[in-house]
Amino acid sequence: SRAIKTNQDLLPETPWTHIFYNDFWGTLLTHSGSHKSYRPLCTLSFRINHAVGGMDPWGYHLVNVLLHAAVTGLFTNFSRILFGDGYWTLIAGLLFASHPIHTEAVAGIVGRADIGACLFFLLSLMCYVKHCSTRGSSPITWGWILGAGLCGGCSMLWKEQGVTVLAVSAVYDIFVFQNLCLWWKQDTVYLRKNLTLFLSIGLLTSWGTLLLGVRLYWMGNKPPSFSNSDNPAADSDSFLTRTLTFFYLPTKNLWLLLCPDTLSFDWSMDAVPLLKAVSDWRNLHTVVFYAGLLLLANFSLKGSSSERECNGKTVMNGKQNANGHSCHSEMEYKTLVVKSTFASKEENGIKKHEMQKLQLPSTENIVILSLSLLIVPFVPATNLFFYVGFVIAERVLYVPSMGFCLLVTVGVRALYVKAQKRFLKNLVFCSTAALIFFYGLKTVVRNGDWQNEEMLYRSGIKVNPAKAWGNLGNVLKSQSKISEAESAYRNALYYRSNMADMLYNLGLLLQENSRFSEALHYYKLAIGSRPTLASAYLNTGIILMNQRKTEEARRTFLKCSEIPDENLKDPHAHKSSVTSCLYNLGKLYHEQGHYADALMVYKEAIQKMPRQFAPQSLYNMMGEAYMRMSRLPEAEHWYVESLRSKSDHIPAHLTYGKLLALT
């Protein structure tokens, strides 16, 4: 809702340049309550969608699906650089296309930020690959690195993690394109011949530093602040709890990639219980995860000096084997073309190919690149450098999943090579096909959950019951299922009793059904849980006004009007509630005959009024106050203003008609 439905930056009357000063939700980036999510290119795509099709969701979903298709095509094309033409590239592409973890990013409209970032991430990486292949042989090589830098910047403007492509590009250059030469060739001749390599890495580092510096400056040099429910571990006072939980979370994320059986639209609050002691059995998962990661990295970096794998064939000491494949240990493999005819029945899943261009890195080098694709884009979400506003977010795994798919593919290929019997080779292929099939099946099932809000929130009850029941209550209320909505709200409060939003929503439901004393009780609880919740003050004051408790109502409205909008998640909604409080306070003074006081309050309301606030009632009441004070020209001015803001506002027609009859 905040990203699209109530985002003023999507409206044609809002200058499009505002997109570059506001965050993803339409809040000024330097505002203390801003999430600092600076994604102007994604917001711009939403604005184009809005200009073409308004609020029809079909067009938004179409763009998301097309972007995912484009990303899948680019990823498959990139996989060809690593695996060559054949089954392995196809397997990598199918794994990415079908992975269920992508459902949130593709089926959820706001997930477009991750898809767009991944699109330009891959474009940047492909440009850098072109730069590497032409470096030292053509002046156009610097055009390719310029393209890589620009696409990397665009990726960051879709979503923050896009800037990590520059680090991944450096890993590709050193470990894949240079084939680890940097570590075993330290002589001055080599260094002199590869000054362009160091220049390329230097350019990547400088550009990345500049982008991050500008990004930090643009958001006011301050990190965002989040509520404790968004990221409970970050709010914990215990250093041990924070450390154990933050070390465990990457393990949980990897498990979601490996076995995406349980997925949820929201993993905040207590969806992942905190690890408070070393004796927590989940620490074993953490140990196994990091031990496996270190072993994999060690295997990749050391490799084997006597035997290496290259696209499914064994190669001795970097020399060409009998079947024509080579996996060179130095730079000569970059532009190697081997003329050969494969006489064997099957070679890397391709039969009888001639003139195959071999630019294929070793298994170890692919593992290094895969690990970098898996880990580096995920680093911003690890709470390592700054706290983030979530525990786990499936959409954040969209870019890292490329590394996961490459790791699975290279692992399957290694098993296929090691298998000696045809039966075992077939078993590996069949198991991989089954994995792709079940991933695709889970994606189809998960898409069903995303068909509408009710199904989505029901699917999340087992993971995050408090959040899921609360959101489900809103949906049921919109469907006029009042008793079911009330039960849903109470279920949410059963799991987490201090949720101010749920207490407020339950109070609002009770107020709309004339259960005013119960509504007041829940509004007071909501205010106690979150003293800055202006909408709770507003509705409390309205009930007290209707109960003729005018002094209590006046104090409530005054207190609401004094609440600042600093560090608030949604300052626009807060300002609207404050303006409504002032409007009702003015009405209270008006009914008591204090017209001058009423006018002062109305003028304050106009000053604090946000752009999205509908002002016709406020303007009409100002006209009424001037009318009662016999200041007819001013009264006529505000009646006209009321009708200008909403031409069919009936109260303004009536009051303006009385004025015209009088004059």
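Including glycine, each Cβ sits where the backbone N, Cα and C put it.
Quick look at what TrEMBL lists:
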type	residues	note
TRANSMEM	109-129	transmembrane segment
TRANSMEM	141-158	transmembrane segment
TRANSMEM	164-184	transmembrane segment
TRANSMEM	196-218	transmembrane segment
DOMAIN	221-293	domain 'DUF1736'
TRANSMEM	284-301	transmembrane segment
TRANSMEM	366-390	transmembrane segment
TRANSMEM	396-416	transmembrane segment
TRANSMEM	423-441	transmembrane segment
REPEAT	466-499	repeat 'TPR'
REPEAT	500-533	repeat 'TPR'
REPEAT	579-612	repeat 'TPR'
For the transmembrane segment (396-416), which recorded stretch in the set 109-129, 196-218, 284-301, 423-441 gives the largest number of Cβ pairs separated by under 8 Å?
109-129
Could you tell me how many residues in the repeat 'TPR' (466-499) are helical, how many are strand and how many are coil under DSSP?
27 helix, 0 strand, 7 coil
May I ask for the residues of the chain that lie six or more residues beyond the transmembrane segment (109-129) and have a Cβ under 8 Å from a Cβ within it?
3-4, 24, 39, 41-42, 45-46, 57, 60-61, 63-64, 67-68, 70-71, 74-75, 77-78, 81, 144-145, 147-152, 154-156, 158-159, 161-162, 164-166, 168-169, 172-173, 177, 204, 377, 395-396, 398-399, 402
What mean pLDDT score does the domain 'DUF1736' (221-293) have in the model?
89
